[in-house]
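Engineer: Sharing a structure with you now.
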Amino acid sequence: MTEYKLVVVGAGGVGKSALTIQLIQNHFVDEYDPTIEDSYRKQVVIDGETCLLDILDTAGQEEYSAMRDQYMRTGEGFLLVFAVNSAKSFEDIGTYREQIKRVKDAEEVPMVLVGNKCDLTTWNVKNEQAREVAKQYGIPYIETSAKTRMGVDDAFYTLVREIRKDKDNKGRRGRKLNKPNRRFKCKIL
């Protein structure tokens, strides 16, 4: 069974824990209790493959930012979560993305942009803005509501598909690099 290490990142209060708990336990947590770091595991079937999701729910508060590099090193894929009612949380996404790329020392890292709290009537981040940023980053965009469960499975499952795609691409590049080149015989006189 394949294990996927998923990391949920974003500013404080965007609903990272609520999304994770909704996926794992099928219920909505409506009280806000800032997370330092929580880890969850769940066995699921995605596209016919049974896999184990190892999900790290991270601290959004700035005082825990020193811990970020460590979990970014171990994560295979990242949910970049913002709240649709918070323009600031949307602006912070770029910082998280750049930090992930720096820590992973890679231009392309499996990520999914997640606009959470879509059940709210007031949105300060328009759908088009989020889609445009996701397009610039070359990553999928999923709208979710931890409260109604809308898009929750889709967000996590899409991230697993992005990780698989990334592994396939790296495998193909590796095979191309390992092909023997035409060899010429040399004679030393």
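Yeah, the Cβs are placed from backbone N, Cα and C, and that goes for glycine too.
So Swiss-Prot lists the following for this protein:
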BINDING   10-17, 57-61, 116-119  GTP binding site
LIPID     Cys186  S-geranylgeranyl cysteine
MOD_RES   Cys186  cysteine methyl ester
MOTIF     32-40  motif 'Effector region'
Engineer: Under a three-state reading of DSSP, tell me whether Lys16 (GTP binding site) is helix, strand or coil.
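Structural biologist: SS state of Lys16 (GTP binding site) = helix.
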Engineer: Based on Cβ atoms within 10 Å, give me the single least packed residue among the binding-site residues Gly10, Gly13.
Structural biologist: Gly13
Engineer: Just how many other Cβ atoms lie inside 10 Å of the Cβ on Thr58 (GTP binding site)?
Structural biologist: 27
